[in-house]
Amino acid sequence: MSSETEEKRAKAQPNGCERAFIQHNKIKWFWAPAFFGFWLLLYVTISIPACHRLPRPLTIQDEAKHPDQFIAERAENNLRDLVSLGPRVVGSRTNEMAALKLLSEKTHKIKSGTANEIEVDVQVASGSYVHWSMVNMYQSIQNIVVKVSPRGTNSTTWLLVNSHYDSVPAGPGAGDDASMVATMMEVLRVLVNSEKPLKNPVVFLFNGAEENPLQASHAFITQHKWAKYCKALINLDSCGNGGREILFQSGPNHPWLMKNYRRAIKHPYASTMGEEMFQNNMIPSDTDFRIFRDHGAVPGLDMAYTYNGYVYHTRHDKAEIFPRGSLQHTGDNLLALVREIANSPELEDSSKYAEGHTIYFDVMGWFLVFYTETEGVIFNVIVSLTAIGICGFAFKLMSVSSGIKLEKILKRVLHTFFVNLLSVLVSAILPVLLGLFMDAVHLPMSWFSNSWLILGLYFTTFFFGFAIVPAMYFHWTKFDKLPIGQRVQILLHSHCLLLAILTLILTICGVRSVFVLTLSCLFYTVGLIINIATKLHSKDVAWVIPHIVCLIPPFVFFAYFSHGFFTTFIPMFGRFGENLNPDLAVAIFSVAVGFLCCGFILPVLQLFNKSKTIICGLLGITLICFIIALTPAGFPYRPETNVQRFAVLHAKRTFHDADNKIRRQESGYFIMPQDRRTYTVKNDVINMTLAQRIGDDCEKEINCGLPLYNQRWHKTRKNSLWIPASEPVLGDDLPTVKVISKKELSATKIRYDMSLTGPNHMAVFVQPLNGAFITNWSFHQAPLRLRFDPPYFVYFSWGVNGDPLKFWIELEKPNGNLNSSSLELGLGGHWTHHKDMLTPDFKKFLDSFPKYTDATPWPASFESWIY
Ligand SMILES: [Zn+2]
């Protein structure tokens, strides 16, 4: 060691006060719990409350003091009225008559005011569109369409606001989507009664068939007389019950909408990351937003509740648990937003303002940050280049202050960079291995109810992996001339360099969500600049203070952001299906979130005495949490609140041969696994041990011989379970195809004219036989034009009017053998709201499901016919 360096080392020794805190240039080990506690405290006291903060709901008594404002109590009354009708399934009397009547009456009670007029229209429509590989065909579904316009207007640019009043058969649909319907109704009332005239009209679409899926929005945007005037959209849906509504999709390509959102919104909650995930199909849901965009080219804002997704699409999605504060939150926002957009000059010629994507996110629900994609690219590049530059400068200063040649410092940087890279790798692999292990030992989803177990299982494993590698490196090179405080700084700078490089790469790849890395780099660099400016960087430990202070804002923000993310996703693992290992996904999420929140925090652990012991102590926490996962606390489900989902069809399957004789007939319960732990019920549910995979039938029968009408089920249908049982009671409205006529059009061409009758939810599978292929038909043309693989799937449902569906199919038979059969039809029928149709055996079967489950029963039929 040169004498000059020794002198500098001597200068860097701590003074009396610091000595109590540090020992041998390291922080005393017993400060470690305080260090962890500090960050945990920030998370628990700032980030989590910000995630769940709701405004004070206004009551009818408050109305006089708050004219022209959204009154949550009124919205709540709307909500209770609608939900009290029960499940509102398309085609049921509840949906087509009771709900329609209730909402029409409510709109008719709102009388035109002095400034704005109201006009109500009921749309009954039929049509079809292609959804994934399915033809989605509807007959006589209904919409209630309400227009509010300023008196005497001739404006032709209107704003559209959409939410749906229908629900799934499983439950009363309070969160999804009666809450939004109720909010829209109250906003409508305030607008019509307001003294302030709107500049442009607003259309409120009370949508009667969304769960079906997305039929009514298609009917409106392709057929309604007002559709062509709608130039922008606000879509309101839900995959939860309560909480704050998040703006998770905007545009596409209309930044002016985000400008309006920022200006108007009272309680911002928005995320670009949600938009990217949604548009990359990472979320098992779809909203009307897509229909308006694809079939009407209407740009808009897509908002939804995501909190408490446990009850979504179950019988527990009740009005009683829906918080009034959530209604106020959404109502305040929607009212302000409708006024802002309806009055904005951009609405009048929105195409002029279609200019690229935007990046947006809210900060703790306090305010919204928003910039265009181009500004984002500039921001990312400037921040990452500056970060790289400042780190380089810091290395130079380190060389000067330590008296070690820059060359040698840079050699250490290179080593440390690879050590950091290795630690990133190890910290990513360990949680993944744990995720695979938890699944292998039949303990997946232990965190489903007690989500803090994720912190104890996956985050601690991540922390361990990320910290142990550098700890070993520092241990093996402990005789380095450079003091540990400086070496830890090199580690942090290396991490910053890694993030900066990643930011540049992902920016080039066009990933908008990369802004999170940019923010990470930005705050780290600010801390570094402060350290350089105050010369604290050359101290052994003192630099930690500015470093930590600058990490607080990004930590609190990322923790808030991640908490919202986890709250949204954890319940979704209850319906991602059986093929996804949920623990693996949660492990990967934890790694990503861990890097974001703690990437610059964890290296500080290296400054503690006994750092390796502290780091290994984290694994102790993992072990304790693993043991908890083995106990009832780690059992995923809870009755009422965190249920396990089952869809159970009581089905009769009948297969006919070419002579119309029955060649196979059987009845049974058909279960589609909704999550990874279907086996948990096998000891409770009657005959569950007899359950067989349907797999083999998929080779033998059309559509595996299953009456599925939900497209989402088709991907995993081979895994579904079949338990032989007694016959279901089916309606006398069994799906029936009648051949009206069969004509030979030429020596090789044949045409069938047919008609279909049956219950309001049917599936038709069409399979050409004996070398025939379909040349034309009366269904949607896309499957033929795009050459989908047969069997073709036509989903058909009807609302108020169950008249027969007439259709025709033309087939070409190149071999000219028109006498052999040329067509097989598979007909699936569902009785989605006939609770009285359940047989005693089926009821017994359903009752055998444990209390923590939510099983939706449907009588169903499947028949195959050859023509
Ligand atoms: Zn919905």
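Using N, Cα and C of the backbone, Cβ positions are placed for all residues, glycine too.
What you see is a predicted model, and the numbers here were worked out from it, not measured in a lab.
For 29-50 (among others), the entry in TrEMBL reads transmembrane segment.
Per TrEMBL, domain 'Peptidase M28' is recorded for 143-338.
The feature transmembrane segment is assigned by TrEMBL to 377-397 (among others).
Taken from TrEMBL, the feature domain 'Endoplasmic reticulum metallopeptidase 1/1-A TM' covers 411-628. Restricting the average to the domain 'Endoplasmic reticulum metallopeptidase 1/1-A TM' (411-628) gives a pLDDT of 95.
According to TrEMBL, the feature transmembrane segment maps to 417-438 (among others).
Taken from TrEMBL, the feature transmembrane segment applies to 450-476 (among others). Outside the transmembrane segment (450-476) by six or more residues, the chain places 415-416, 419-420, 422-424, 426-431, 434-435, 438, 484, 487, 491, 566-567, 570, 586-587, 590-591, 593-594, 598-599, 602-603, 605-606, 611-612, 615-616, 618-619, 621-622, 624-626, 628-629, 633-634 with a CB less than 8 A from a CB of the stretch.
The transmembrane segment annotation in TrEMBL covers 488-508 (among others). Long-range contacts of the transmembrane segment (488-508) within its own chain (CB-CB distance under 8 A, at least 6 residues past either end) are made by residues 376-377, 380-381, 383-385, 387-388, 391, 394-395, 398, 409, 412-413, 416-417, 419-421, 424, 470, 482, 514, 517-518, 520-521, 524-525, 528, 537, 543, 547, 599-600, 603-604, 606-607.
According to TrEMBL, the transmembrane segment annotation covers 514-534 (among others).
For 541-566 (among others), the entry in TrEMBL reads transmembrane segment.
What TrEMBL records for 586-608 (among others) is transmembrane segment.
Sequence annotations record features per position, and here TrEMBL assigns transmembrane segment to 615-635 (among others). Packing against the transmembrane segment (615-635) from elsewhere in the chain are residues 434, 438, 443, 446-447, 449-450, 453, 456-457, 460-461, 463-464, 467-468, 471, 605: each is 6 or more residues past its ends and has a CB under 8 Å from a CB in it.
What TrEMBL lists as domain 'Endoplasmic reticulum metallopeptidase 1-like C-terminal' is 641-865.
Of the two recorded stretches, the transmembrane segment (29-50) does not lie close to the transmembrane segment (514-534), with fewer than three CB pairs under 8 Å once pairs fewer than 6 apart in sequence are set aside. The list of residues near the transmembrane segment (377-397) in space but at least 6 beyond its ends in sequence, with Cβ under 8 angstroms from a Cβ of it, reads 371, 406, 409-410, 413, 489-490, 493, 496-497, 499-501, 503-504, 507, 514-515, 518, 521-522, 524-525, 528-529, 532, 537-538.
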